[in-house]
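These come from TrEMBL:
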- ASN15, ILE17, GLY42, GLU64, ASP90, ASN109: S-adenosyl-L-methionine binding site (BINDING)
- 22-194: domain 'Ribosomal RNA adenine methylase transferase N-terminal' (DOMAIN)
Amino acid sequence: MKKFSLKPKKSLGQNFILSNEITKRIVALAGSLKDFNVIEIGPGYGALTREILAYNPKFLLSIEKDSSLVKHHEQLLNEHKGKYRIIEADALNVVEKELVECPVKVIANLPYNISVALFLKWLNNIKFFTNLTLMFQKEVAERITAEPSSKDYGSLSVLSQLLCDIKKEFDIEPKEFFPRPKVYSSVITVKPLPTPRFAVNLETLTKLTRAVFAQRRKMLRNSLQSITSDVSTTLENAKLSGDERPESLTIEQFCLLANNVILR
């Protein structure tokens, strides 16, 4: 870090990986990169970037919001002319398909402060990606991979697992980063499905799951009142009693509920 005289910005959720062994493990999870365009978010001073380039991708695009970090990639740009590009941009506002062509893989140590919003954005266009290898705060990774009837199960779990096969690969201790975060991180692998597990309107499902999980301890007959005026018919058509709590429903049950609810 001293070599680059970098001062990580808490406002941008910056925590840089120190261990080369960890970057190697992350990139290896993505599989062969030879015929793929790769997107990296928040490359920082380039530890993960270097490892991605060592795997010889067809092309690597790094997206970095911090202008003070972009200039530190000049050497990598010179060493990998035509195969590497870094742009200064907010990843939340980037339209990936305008910058790279399929097939595309994503490999990223996601900035803590935008990780969920960015992942939800990708889920809305998930077929664009071949796979994603992503680092989150551990608690976010556990929410994404949570099973029904667990404390971490929620809207994020339902939407993610409806559209993808997801696996939590390994945890990373705070000591492996600079600055040292207060929490553990986790790496997950995401493989988009050819089609969702169940037919459903994603916008309706999103509104439904967010509404009922905002009142996760209430029974469905009560939590549904915030989004529909015809709770009894909705429950009857979805083959639910209304005594259930949101955390007990499977993804299939949520999709059936979404397909029968008439939103206010």
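Keep in mind that glycine also has a Cβ here, set from the backbone N, Cα and C atoms.
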Binding-site residues (ASN15, ASN109), the one with most neighbouring Cβ atoms at 10 Å: ASN109
Lowest local Cβ density among GLU64, ASP90, which the record lists as binding-site residues, within 10 Å: ASP90
Number of other Cβ atoms within 10 Å of the Cβ of GLY42 (S-adenosyl-L-methionine binding site) across all protein chains: 26
All-chain count of other Cβ atoms within 10 Å of ILE17 (S-adenosyl-L-methionine binding site): 21
